[in-house]
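Q: This structure is in structure tokens; I'll ask about it shortly.
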Amino acid sequence: MLLSWLTVLGAGMVVLHFLQKLLFPYFWDDFWFVLKVVLIIIRLKKYEKRGELVTVLDKFLSHAKRQPRKPFIIYEGDIYTYQDVDKRSSRVAHVFLNHSSLKKGDTVALLMSNEPDFVHVWFGLAKLGCVVAFLNTNIRSNSLLNCIRACGPRALVVGADLLGTVEEILPSLSENISVWGMKDSVPQGVISLKEKLSTSPDEPVPRSHHVVSLLKSTCLYIFTSGTTGLPKAAVISQLQVLRGSAVLWAFGCTAHDIVYITLPLYHSSAAILGISGCVELGATCVLKKKFSASQFWSDCKKYDVTVFQYIGELCRYLCKQSKREGEKDHKVRLAIGNGIRSDVWREFLDRFGNIKVCELYAATESSISFMNYTGRIGAIGRTNLFYKLLSTFDLIKYDFQKDEPMRNEQGWCIHVKKGEPGLLISRVNAKNPFFGYAGPYKHTKDKLLCDVFKKGDVYLNTGDLIVQDQDNFLYFWDRTGDTFRWKGENVATTEVADVIGMLDFIQEANVYGVAISGYEGRAGMASIILKPNTSLDLEKVYEQVVTFLPAYACPRFLRIQEKMEATGTFKLLKHQLVEDGFNPLKISEPLYFMDNLKKSYVLLTRELYDQIMLGEIKL
């Protein structure tokens, strides 16, 4: 009898297992992911209830006591243990305690390249309870001044290699801002932080200076990339840092991992997911001053790297390198980041071995995020019923002509169906606050949508168009500002760029729309960089786009460039290209026009340009 029951039970379990695999193939993946999210929420709730947070800095100090000799940062072959970083950052804190009027809550701007002192200064100021504003090291002159003014700092700390950048704006800085340089010899008007560090004590700083009780407390300002306008100082709260620092853990990283960080530390990916993520785990990071495709794998082998951070272009640059022997001879098991194209993803895995690519979606200023924890190629993440309850987001229809969300006759926004691109919006409430930007409230207000589904509700407009498929995987479609309309259809620039990028002589493709008198919408144009030692095959470009793209999405114009403007995280800038248009009198670089009769692209001459502008050639 017992044997019969056990047989029936066993058979039932097998049937249930196969039914689960058939009907709910991602059940256990979803379950474990949601469980991790719930654990993070429970931890944050405990902090709130207790009225005192355990911040990333607190966790770092705990590691410095428990594992003082463990390497925290490896930089250019030098090892900085948790204890080393603790003592050096305490020296920084004592310099400002003894030689400045900085107090808890004051803002200090930090302009420094990737180096250990970036972390020393950041953590040292955090020990004083200061808010640190990370400045983009690529900006200059008035743009730099605007960023400094936007975050309203009491002090500015500058790396040795960037003092020249600041020297030219010193006369324009407010007298209330003290400028500190990480160099013995500094320009007039700058205080040598390096000199004072040599005599500063490394004693612990009293915790009273940096104790935090509110999750909503501001701890950082991180500037947006500026791809859609001037960079804005996003307010980063303790809540956002604690959430972001858990990403490595959520993807399966442990204290035994060695994380390779090549992205700029002024960016949230490297600072919050990378450095803070290592602190969360008690792990080691290998810090690179600047990403180098040629040195990447040799560094990974040299330092036994097991995890690295990427943005999509980084992986593409690695795939563009000449093939070498032993490319799979490394210990890397995880690649964590965002923006990798499907074709690059496949090529990367095929070429560099069994590395799990962990794609995610997040924005500097947003509280919403998605994680691709199943490894589905091309997806930025996945959602399910339980995650939707924890993270309130929606995908709504977007009007590309009016450049705003569509609304029905009652004035409410409209949900998209699965498989359709929709504007990603996130509910703003006490559970998912939006902290906005420093400076004029208009910057914050412009990101909010009101009365979306009912009177009084408020949503954050991410500006990203996302597609949710039938299996609940999410895919990035385009930015609202990048998508343009032509022939009554919406053209996704990322899709067009991906198709052109498949050609073996194309290194880079940046797609945008240009206005033409007499036509509604914008005609597609692609700026292209060729691979070294290759030539442009215009017939192949034509064949590629007409084969893989609908007629309305095929670029009407090509522009050949040697170099493209990009942000510090390799996002291609389009604004100037759009402004330039396709006028051969204004552009010295080669321009080409799509000729359907010749089934090729042809040189865009002054005569052709005039014919297009006069309407003699129809597009």
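Just so it is clear, glycine is given a Cβ too, placed from its N, Cα and C backbone atoms.
Positions annotated as AMP binding site by Swiss-Prot: TYR221, ILE222, PHE223, THR224, SER225, GLY226, THR227, THR228, GLY229, LEU230, PRO231, LYS232. Swiss-Prot lists 22-42, 119-139 with the feature transmembrane segment.
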Q: Within its own chain, what residues at least 6 apart in sequence put their Cβ under 8 Å from the Cβ of TYR221 (AMP binding site), listed in sequence order?
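A: Listed in sequence order: THR107, VAL131, VAL132, ALA133, PHE134, CYS151, ALA233, ALA234, VAL235, ILE236, ALA438.
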Q: Around the C-beta of PHE223 (AMP binding site), how many further C-beta atoms are within 10 angstroms, looking at every protein chain?
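A: Result for PHE223 (AMP binding site): 25 neighbouring Cβ atoms inside 10 Å.
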Q: Taking the Cβ of PRO231 (AMP binding site) as the centre, how many other Cβ atoms fall within a 10 Å radius?
A: 21
